[in-house]
């Protein structure tokens, strides 16, 4: 595709953006297109408008000059209007005026998702997100047919259904099939979560704006060489889980989530609710911010807005750790927020302090305790503790074949330990 990107710069009203500029929003639109192979931005236009809700978006004079510019630009195959979504009427009106296909953010982001989907679940969620686009396309064609037939709908055979009604019914049936398949996968994901909970592995969801460095941070925290971070938007579409160790030897699971985007349509978020559901069931959230990005504050606001729409529990929002990533790309980075942790995921700076903060929050969230337990070295107590708890330290008394083991252990695991080894005396609590 060879595209012209048109950004409507809303001057006032509810649609005006306050934390960003038209130039930065245009730059993000260009970034979206550049993510796609064989898609090229031929030209960009920022045009002010006072009427973004109208069919043609712009006033008569601006629309006329824009149409002339597009018509005179050789070799373009589409126009990307940088708005959340266009109505079927607007899309048809613009395509007729400009003579090429017209795209909005919904359709462009969905195409990126389609190209990056790898698992069955991601592909199903994209198929669900495509339904509104297909409905819009059918409605646009019906409007064109009505115009040609003088406002009369065409009926199919003796069914009493119009072509549009048949198409909408088939789409509804397809949507129900996709939702049923997704529900099966949701139940499977719920089962996996239950198994992880049974094994008492705390879950840390790593979230943030797209391309903020989430995957790179997880790779640095876990040492997982299988992770291959990419410098592109929406490189991660499937939730992946990676084990890492905290300073107290406790194993935690870091969950890599889909990136967020400004003006990401709610219907698109709804389609990926099965994937984003993992966030709600975490023990801790890490919000990764790219502090080198000129729109870092706007990106933060967008992420918090998505979390609000997802109805994340207050306890998770309250304990969330904000990570200021890519500080190596900022000249003389100033540490302004005492609650945020500055890191360079790529350079490895600030990771020890981040691990300590994660450890403190996880211990508080999971109710684990640090205990000093006396063990008999001739019994399987020690091997059991290595398997079921996080052993921090071991003091061996060779004279009587005993030891004192410093462990981080959950109340449930300690209950099992006492029952299994008939321990009655309360342990010493370690500081």
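The backbone N, Cα and C atoms fix where each Cβ goes, glycine too.
Lifted from TrEMBL, the feature list:
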type: DOMAIN; residues: 202-366; note: domain 'Hflx-type G'
type: BINDING; residues: 208-215, 234-238, 256-259, 325-328, 344-346; note: GTP binding site
type: BINDING; residues: 215, 236; note: Mg(2+) binding site
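Where TrEMBL records a feature, it is marked here on the structure.
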residue: 208; record: GTP binding site; Cβ neighbours (10 Å): 24
residue: 211; record: GTP binding site; Cβ neighbours (10 Å): 22
residue: 214; record: GTP binding site; Cβ neighbours (10 Å): 30
residue: 215; record: Mg(2+) binding site; Cβ neighbours (10 Å): 24
residue: 258; record: GTP binding site; Cβ neighbours (10 Å): 24
residue: 326; record: GTP binding site; Cβ neighbours (10 Å): 23
residue: 344; record: GTP binding site; Cβ neighbours (10 Å): 21
Mean of the pLDDT scores, which run from 0 to 100, over the domain 'Hflx-type G' (202-366): 85
Cα-to-Cα gap, residue 208 (GTP binding site) vs residue 215 (Mg(2+) binding site), nearest whole Å: 11
